[in-house]
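Copied from TrEMBL, the annotated features are:
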BINDING   A:Thr100, A:Ser101, A:Phe128, A:Pro129, A:Thr130, A:Asp131, A:Asp200, A:His203, A:Tyr225, A:Trp255, A:Thr281  pyridoxal 5'-phosphate binding site
MOD_RES   A:Lys226  N6-(pyridoxal phosphate)lysine
There are 2 protein chains.
Amino acid sequence: MSGIPDLAAVEAMDATDPLRAMRDRFILPEGVIYLDGNSLGAASHAVFGELQQAATQEWARDLIRAWNTAGWFEMPIELGDQLGRLIGAAAGQTVVCDTTSTNIYKVLHAAMEMRPGRSAIVAEGDSFPTDLYIAEGVASTRDGVLLRLAGVDAPTIEDLIDENVAVVLVNHVNYKSGELRDMAALTRRAHTAGALIVWDLCHTAGALPVELDQANADFAVGCTYKYLNGGPGAPAFIYAAQRHHGDISQPLSGWWGHARPFAFERGYVAGTGIRRFLCGTQPVLSMRALKGALAIWSDVDMAALRKKSVAQTELFIQLVEAKCGAYGLTLETTRDATRRGSQVSFLHDHGYQIMRALIERGVIGDFRAPSTIRFGFTPLYVSYKDVWLAVEVLEDILRTGAWKDQRFAVKEAVT
Amino acid sequence: MSGIPDLAAVEAMDATDPLRAMRDRFILPEGVIYLDGNSLGAASHAVFGELQQAATQEWARDLIRAWNTAGWFEMPIELGDQLGRLIGAAAGQTVVCDTTSTNIYKVLHAAMEMRPGRSAIVAEGDSFPTDLYIAEGVASTRDGVLLRLAGVDAPTIEDLIDENVAVVLVNHVNYKSGELRDMAALTRRAHTAGALIVWDLCHTAGALPVELDQANADFAVGCTYKYLNGGPGAPAFIYAAQRHHGDISQPLSGWWGHARPFAFERGYVAGTGIRRFLCGTQPVLSMRALKGALAIWSDVDMAALRKKSVAQTELFIQLVEAKCGAYGLTLETTRDATRRGSQVSFLHDHGYQIMRALIERGVIGDFRAPSTIRFGFTPLYVSYKDVWLAVEVLEDILRTGAWKDQRFAVKEAVT
């Protein structure tokens, strides 16, 4: 076992971790090693503080006046700018609102309008499913739109990008395998064919440095409840490059996107810039929780975050392969750290039962059909010791066959 | 002043008010008479309790597991059924999700799909503006759709309903005048022409008894942050009559509306029933706040609510006309209580300044351009004494000309 870190070695890594102090800002239950922040991030003291203030001070005390006094109305823009700093977006290009699914719908419509005469939407066959469902929905309302999928209609997404393509919808990190795409390269490829590109950042925003402006991206969407820790179902976001702002039109044309939302005019007149993606009244309490979560990031060095994330995924792979190699696990995630998000997936024929057994033992990851067990590493609150202990538990479950217990065989929804 | 109730008389009304105890469930700031619950309802102890539990117990402690253990995933349906009881909808026909604007978009698309060959959407020229903006948005994605408006293309909405109309979108109570439509009669009129009807209940849900099933309505939408007190931007709702459930299709086809949302399938397959209107991941914290707000209603007799609402609007009109009759106010709301929602509007050339002066004195209503001052009466927490005192302050402001102060002339957004 030479070269495999022992407990003392990982404790030493924690001792010198520059992000170590961040963990205290979060609330983590006793007895839990949480490796599912890529599905739902953890709660923080800052979130509780904002929620408390929004509910008991602003709403209860100021009532309707809080829309102005507490700045509720500008929150989508202000939180958008704050979030923009984490994804390489200069101010005025990001807005927080609605859900990722709804935002994909808006963005795809906008992109199709900007490329009249082109009929194809290109996406990945192994995309996060809701992206494809929404692309189908967009296609259903537009004549002659084709949805072409990598892995189905051609081997790779690059193969599908031609002069008939209006827009490419792509996941920056694949939710299952954890594979990270080269944003700048694929964006260039799309632009060379005259197509626009929409990046789904659900699995990268807050997980690693993202450089939308630098990559010359057109649009991006994402959620805020995974690595950004905004809370369950926290509002999502949209990014649109400044150069497109004058051309944005989308059919979810609700009052909040109007040029004069308080004038109560009869006809719709689109507002300016990124506001054109706003539609209805946003859930203020959930939005304020997100405000607390985003505040934490002003103290985070994204380069240090990425460094720790890579070290943790490397450590996890190394430990699992060294200690659990005999039990039929196959690494699904790439070994190339530069092409890996902040997660590691293994395949196992009995992955569902293994994950259930892990969760019962307090090691929380998740399962994705048919056979993926998935572990997310959130550098803000996961320690190297957590990584080491998680593998200890996994090894024990595999060695003893604890996962074969009947109670783990009954399928339950695992969100 | 014979026949005009004095303070002792209104205090006697409060003493025998069967809803009197409800006020204690809400948090109302000192020194405020809140007559704007038709814009943003008040906070309640029940809401704070649910928020606290959702954040510090469920999310922080159970993390991803809370989707199952705390029942988050079923909330849109469960809250929908709870809300359904207040709007005359049998179980399984109402779902809580997204925003009113987004929900109108979904419902109008669904209705247009159900009436192929018909090209018109009919709405009211003086509709709540976002309804019209969204109808425009729907029309923009469908070939040859006409938007026809009452008060613009013909005098009344009934005049516009013919065999070319797919769907009628109508406000149950007009946000400005407070006029209440006869739901059963207009629904019959739409059906006679073979059209479908969508009722916007933003200003009636929680304000008075609504009988969707009994009126044979097709669809309804509404918000939950006005008379239902769900909190700022609380999730909205959609109702669809059972008989239409097999025919619902709408293009915001996100994962939550899928038949098997956790199977991660590549193609969209619509779920059953009202779930077809679900799209993306809902804001759980805002949803849980709403759960607290809706719990209060299990103890409310809707007939008693309506009786108090009518008594309060009648009292307000009577007192304003008796005490402020000399100052140029014109009643905008109908005198016929059976055609009135739970609000009263007056017109005044200087309405904006008058409302600002009222708010500064702690009487909170709102202003709608060009000249409406609007007062909402939420029987759960507004007392008869509140009504009486509000008129005292209004009279004082008008008599002394306090509203003419320079500081009230500067226009600020009034949400």
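Yeah, the Cβs are placed from backbone N, Cα and C, and that goes for glycine too.
Because TrEMBL annotations are produced automatically, they should be read as predictions rather than curated entries.
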Using a 10 Å radius around its CB, how many other CB atoms surround A:Tyr225 (pyridoxal 5'-phosphate binding site)?
27
According to DSSP, which kind of secondary structure is A:Thr100 (pyridoxal 5'-phosphate binding site) found in, if we only use helix, strand and coil?
helix
Near chain B: which of the recorded positions A:Thr100, A:Asp200, A:Lys226 have their Cβ closer than 8 Å to one of its Cβ atoms?
A:Thr100
Could you round the CA separation between A:Phe128 (pyridoxal 5'-phosphate binding site) and the residue listed as 'N6-(pyridoxal phosphate)lysine' to a whole angstrom and send it over?
14
In the chain carrying A:Thr281 (pyridoxal 5'-phosphate binding site), residues 6 or more apart in sequence that have Cβ under 8 angstroms from it:
A:Trp255, A:Trp256
For A:Thr130 (pyridoxal 5'-phosphate binding site), what residues in its own chain, 6 or more apart in sequence, show a Cβ-Cβ distance under 8 Å?
A:Thr100, A:Ser101, A:Ile104
Since the record lists A:Thr100, A:Phe128, A:Asp200, A:Lys226 as recorded positions, which of them has the fewest other Cβ atoms within 10 Å of its Cβ?
A:Phe128
Just checking a number: largest C-alpha distance across A:Thr100, A:Ser101, A:Phe128, A:Pro129, A:Thr130, A:Asp131, A:Asp200, A:His203, A:Tyr225, A:Trp255, A:Thr281 for the pyridoxal 5'-phosphate site, rounded to a whole Å.
30
For A:Thr130 (pyridoxal 5'-phosphate binding site), the three-state class that DSSP assigns:
helix
For A:Asp200 (pyridoxal 5'-phosphate binding site), name the DSSP secondary structure in the helix/strand/coil scheme.
strand
Compute the C-alpha separation of A:Asp200 (pyridoxal 5'-phosphate binding site) from the residue listed as 'N6-(pyridoxal phosphate)lysine', stating it in Å without decimals.
13
